[in-house]
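Here the structure comes first, spelled out in structure tokens, and everything after it is commentary.
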């Protein structure tokens, strides 16, 4: 079968590029052994494919069934250029697999001397023990062993044995490839959905946690008055565009159930354990969003929006705000396609005006530059990330809409905010929509801020 895993193994860059260009393909899916496309390309030394996968957003620290990361495989097989590429993109150099081995264990065992030296030069620990009490240097032949010890000591490493603990990876979440079959089903049998817990209910419908084909999912049941053949046809036509699997910062709609046979039109999407960015910032989840995490979220959102803005035509009726951005298990922010409104859902109503650009509150959608308006929404998200506050929390939606559109109400930037973030916010919130930047222009700015 000439699938993506074979193409990555064989280094067929043209076929891989064509596959990546199809938005319904998920580059972070896994095969039967939990190997992602990146695992295979790293194992087989396919540098061009590795580069392409990383540029398209492949997860660097993804683990297969044996908890090997792509770095474990590249180090074992002595692909020095790929090891350096993975390290450049922040691969976890001391990631532990199911045997307690780190990439350096394998580089030493297989006699990949140069790779072992590179790993130590980048902070790999020479005396971390696996489950069997063996250190990486125990696996190396004598000359390499001495050399690595010497290098590590020069770099300030303590050469005493670090005993194996089952908690080496605690505090990081183990990132698994996604189930590769999920993007194959667009129409879903309503009877196969198992509704577990109701999460939320509002004007547009109900949100449930559920199970489907052994996977945790979120089920969105739409409330639609006077369901008709025409609305049913629109639902069928508009759904497929929301199945975007090809970008790591976009959360696709996995599939839909038409009504009938379902009692209401229904969407399903991946379960996100942390919920939305709104939940994380304002509803006390278990982790702290510090400055570096805030910049990472901003970068994730900017990358996702930059991708969505390349689509022609644009996805209509998509509103960017902190409730429509989901946070994945590995703290990646993803723009949710399940929050896009359908043409038959309350046209002309705004439910989150605090994030909406003034011109979009005043004009019809067809008279607004959507890309510029999205940039304003992004500026409000930046404000929210640095202040941890809900914009205009003391006003009703009606008041916010009126005051932003007609009275010049704007978020006030408090003192003490990083001057870089402050400047970026002001640029993105320019009163003249034509002077706001595009997302592909601010991605490199945020990347620089992240590196600092």
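Glycine residues also receive a Cβ, built from the backbone N, Cα and C atoms like all the rest.
What Swiss-Prot records for 426 is N6-acetyllysine. The local packing around residue 426 (N6-acetyllysine), expressed as other Cβ atoms within 10 Å of its Cβ over all shown chains, amounts to 11.
Sequence annotations record features per position, and here Swiss-Prot assigns region 'Interaction with LIMS1' to 33-139.
Residues or ranges marked as repeat 'ANK 1' in Swiss-Prot: 2-30. Within the chain, the repeat 'ANK 1' (2-30) has long-range Cβ neighbours (under 8 A, six or more residues past its boundaries) at 36-38, 40-41, 43-44, 46, 48-49, 52-53, 56-59, 62, 64, 176-180, 182-183, 243-248, 252, 311.
Sequence-distant neighbours of the repeat 'ANK 2' (31-63) (same chain, 6+ residues past either end, Cβ-Cβ under 8 Å): 4-5, 7-13, 16-17, 20, 69-71, 73-74, 76-77, 79, 81-82, 85-86, 89-92, 95, 97, 172, 174-177, 180, 246-249, 303, 330. If you look up Swiss-Prot, you'll see 31-63 marked as repeat 'ANK 2', on the strength of experimental evidence.
Looking just at the repeat 'ANK 3' (64-96), the mean pLDDT is 95. The annotation repeat 'ANK 3' is assigned in Swiss-Prot to 64-96.
Secondary structure of the repeat 'ANK 4' (97-129), assigned with DSSP and counted as helix (H, G, I), strand (E, B) and coil, comes to 16 helix, 1 strand, 16 coil. Here Swiss-Prot flags 97-129 as repeat 'ANK 4', drawing on experimental evidence.
Feature annotation from Swiss-Prot assigns repeat 'ANK 5' to 130-174; the stated evidence is experimental evidence. Residues of the same chain lying 6 or more positions beyond the ends of the repeat 'ANK 5' (130-174) and with a Cβ under 8 Å from any Cβ of it are 61, 63, 67, 92, 94-96, 99-102, 104-105, 107-109, 111, 113, 116-117, 120-121, 123-124, 329-331.
Per Swiss-Prot, motif 'Nuclear localization signal' is recorded for 363-371. Secondary structure counts, DSSP: the motif 'Nuclear localization signal' (363-371) has 5 helix, 0 strand, 4 coil.
Mapped onto DSSP helix, strand and coil, the repeat 'ANK 5' (130-174) counts 17 helix, 1 strand, 27 coil. Per-class residue totals from DSSP over the repeat 'ANK 2' (31-63), listed helix then strand then coil: 16 helix, 0 strand, 17 coil.
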